């Protein structure tokens with residue numbers, strides 16, 4: 001079983017890649033197989049990610065479909081798409097034949113509409129075909145879209161001994177047996193058993209007597225992020241998926257949830273950094289531009305906005321040039337505070353630690369801003385006065401503006417994400433450039449207002 | 001078993017908390033028990049997180065230690081610390097008695113030095129005591145610090161039947177049996193078996209004949225992040241931990257890894273947002289200030305730096321006031337580009353998708369910056385000329401500066417994280433305010449240099 005390959009020592013070195021490329025060029029199949037058979041399929045996938053398409057396809061076609069199906073599953077999505085395009089629907093059907101229903105459905109879902117049907121039709125195992133067809137009907141962000149049909153199911157009326165016999169049968173096609181799910185004759189989920197429980201129990205016992213009822217389960221339409229939260233909170237390794245009648249439909253395993261969590265974390269991280277769509281360092285310049293330019297444009301319009309504000313106060317500026325020097329300081333501080341506040345709130349929302357109480361939270365941010373503002377203003381006061389020799393009124397203006405801007409930025413950074421979240425919008429978009437830009441413009445505007453008041457221009 | 005409590009319907013409502021608080025005030029123990037016995041321990045922990053210390057302790061002392069030990073494990077760290085302080089070492093020892101060795105060790109590790117020993121001495125189960133004492137010797141960021149001693153171990157010389165008998169014994173004290181680990185008579189790990197394999201195998205078979213060799217394992221000193229990567233990459237649910245002689249020491253389960261991954265993601269997210277230490281929205285203003293002020297100060301010094309640059313060019317500024325208007329634009333753009341570039345690289349480094357090839361990556365960022373820069377400069381050119389009626393030379397200055405700044409920011413944002421990573425420093429610190437600030441100052445400086453060249457002042 002590829003799953004059992006040694007892999008801790010695996011290192012994706014340039015030498016290794018060169019070696020594989022060379023063997024492919026030479027068409028030295030025996031050597032290539034001898035080399036690759038040593039590796040775990042996840043490692044082979046990493047190697048293929050580095051090869052060009054022809055080389056990758058060559059390797060795929062060389063290896064046995066049990067291994068290649070697992071490799072396909074692990075390939076970088078962009079590369080998998082290319083590889084699948086250069087495989088016939090028959091070949092894809094053979095790969096899919098080897099995979100668990102959930103992985104099979106995921107791969108077929110990536111194919112263009114017209115090919116999907118062709119592939120499904122060529123799947124020989126009728127049960128597998130039916131399972132995949134069912135899974136394709138669920139939303140990919142729902143429990144149904146993540147679950148696998150493979151599970152071990154027993155009926156409450158069975159005995160432990162009979163149960164063990166049946167499990168020997170069913171277990172063959174289930175990669176990992178976390179739990180044995182117990183259903184009644186209407187196929188409704190009534191509980192679970194761990195293999196441990198079965199092994200420990202007496203053979204003649206009835207399942208109904210040892211089953212653990214009140215088992216965790218999720219509805220097939222539950223959102224995957226919610227499923228992830230539940231499994232993480234209750235330390236579950238697998239959770240059964242049921243329909244509205246509590247009929248057992250499938251199960252979700254923790255390894256799928258781990259992937260969901262990673263994607264979520266990366267998405268939020270990128271949003272906070274002002275990257276819209278999910279991109280990787282290795283994507284094309286076009287893809288990266290598409291992901292990055294939008295936020296840069298927003299930042300640009302913010303800058304234009306700031307320009308017109310300064311323009312509006314230009315004559316005053318000529319009277320108090322010293323004020324201009326501190327525009328970058330005001331701007332940077334406003335941006336930083338806003339990002340900090342929003343990030344903490346966004347994280348709180350994701351972990352459900354931020355509840356509805358907006359007012360108390362805003363009050364807290366107010367004091368937080370006041371403390372930080374006073375600290376920074378004090379330092380700036382000294383520096384501006386002694387280093388830049390600004391007049392008392394100018395120094396006063398700068399400090400009052402700093403404190404006000406910091407407080408406003410903290411409040412905006414806190415309010416906007418909570419507001420968006422209440423509107424059902426992903427609050428993560430409200431971090432990074434979005435909050436920075438709005439705070440930049442806002443901060444500069446406040447700066448000049450305060451200057452106007454104190455310096456009376 | 002509390003693990004089996006129904007929980008999908010659980011909602012932490014204010015009503016529920018009020019109800020619990022009321023029952024505690026009334027000292028209505030029977031009602032309180034009747035209410036709480038329905039909940040999963042993770043849910044009870046969420047409730048206690050909302051109560052005040054006395055109330056929480058009251059509930060802890062009311063419930064049976066099997067449940068409370070699980071609750072303690074799930075409590076918010078700050079609150080757990082307070083609760084433990086108000087429990088006697090004897091009471092803590094009783095709680096710890098109920099937990100798996102890894103959770104037990106984690107809780108004891110949180111206690112002040114002097115209490116740790118007192119608690120350990122009062123643990124009655126000698127084996128459990130020895131295991132905890134061993135676990136306390138490992139670094140908390142190492143595999144040893146994360147592993148549990150509880151596992152099911154069999155010897156290669158046994159038969160399947162004998163194996164099953166022994167497992168019935170060992171399995172009792174192991175919460176979840178993922179794999180049965182096979183060792184030789186020197187206790188060295190030689191492979192694993194899933195319970196499924198055992199159930200499917202014939203009784204008279206020797207373990208040595210059905211054991212899966214080449215099993216994944218990690219060294220006890222391996223860093224937890226590395227362990228997390230391995231388990232996520234190879235979809236493992238448990239991994240055995242060995243010493244340098246490959247002697248089996250313990251096992252790490254995926255649910256612990258899930259927690260590690262969550263913490264990692266949150267840490268990086270906060271660093272990107274300029275928050276140094278791990279804080280939550282509900283922490284005190286002091287804690288939040290400690291986490292936020294450092295980056296704000298760095299930003300402040302950046303602002304001061306920008307101020308002195310502007311100051312240095314002040315007379316030129318009076319000749320070309322139009323240039324001043326665009327300082328915020330230059331600054332914001334530089335910051336945004338830098339954050340984007342660094343975020344992508346940092347993520348690439350975490351996922352090992354960014355390899356050593358610095359030069360090719362910098363070249364790519366150069367072209368990426370050029371594309372983005374030209375796009376933005378084009379728009380700004382039009383706006384600055386027609387809206388702000390800047391002279392041709394001024395417009396030219398602004399656009400050339402924008403393009404240059406964007407390219408420089410992209411290069412810095414890419415280079416710095418890779419550089420830090422090569423030095424063994426967590427690249428995540430190089431995102432957010434760090435890169436923004438340096439790019440702010442740098443950007444403004446470049447802006448004036450280019451202005452000087454083009455406008456000849």
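Backbone N, Cα and C atoms are what each Cβ position is placed from, and that goes for glycine too.
In the domain 'CBS' (B:147-209), the DSSP tally of helix, strand and coil residues is 21 helix, 19 strand, 23 coil. Positions annotated as domain 'CBS' by TrEMBL: B:147-209 (among others).
With DSSP states grouped into helix (H, G, I), strand (E, B) and coil, the domain 'CBS' (B:210-267) comes out at 25 helix, 16 strand, 17 coil. TrEMBL lists B:210-267 (among others) with the feature domain 'CBS'.
The list of residues near the transmembrane segment (B:293-310) in space but at least 6 beyond its ends in sequence, with Cβ under 8 angstroms from a Cβ of it, reads 274-276, 317, 324, 327, 331, 432-434, 436-438, 440-441, 444-445, 448. For B:293-310 (among others), the entry in TrEMBL reads transmembrane segment.
Residues or ranges marked as transmembrane segment in TrEMBL: B:322-346 (among others). When Cβ-Cβ distances below 8 Å are used as the criterion, the transmembrane segment (B:322-346) is approached by residues 268, 272, 306, 310, 354, 361, 365, 369, 372, 376, 380, 384, 388, 390-391, 394, 397-398, 401-402, 405-406, 408-414, 416-418, 427-428, 430-432, 435-436, 438-440, 442-444, 447, 451 of the same chain, each at least six residues removed from its ends.
Long-range contacts of the transmembrane segment (B:366-388) within the same chain: residues 322, 325-326, 329, 333, 337, 394-395, 398-400, 402-411, each at least 6 residues beyond the stretch ends and with a Cβ under 8 Å from a Cβ of the stretch. According to TrEMBL, the feature transmembrane segment maps to B:366-388 (among others).
Per TrEMBL, the feature transmembrane segment maps to B:395-420 (among others).
Residues or ranges marked as transmembrane segment by TrEMBL: B:432-455 (among others). Outside the transmembrane segment (B:432-455) by six or more residues, the chain places 271-274, 295-296, 298-299, 301-303, 305-306, 309-310, 312-313, 316, 319-320, 323, 326-327, 330-331, 333-335, 337-339, 341-342, 393-394, 396-397, 400-401, 404-405, 408-409, 412-413, 416 with a CB less than 8 A from a CB of the stretch.
Restricting the average to the domain 'CBS' (B:210-267) gives a pLDDT of 90.
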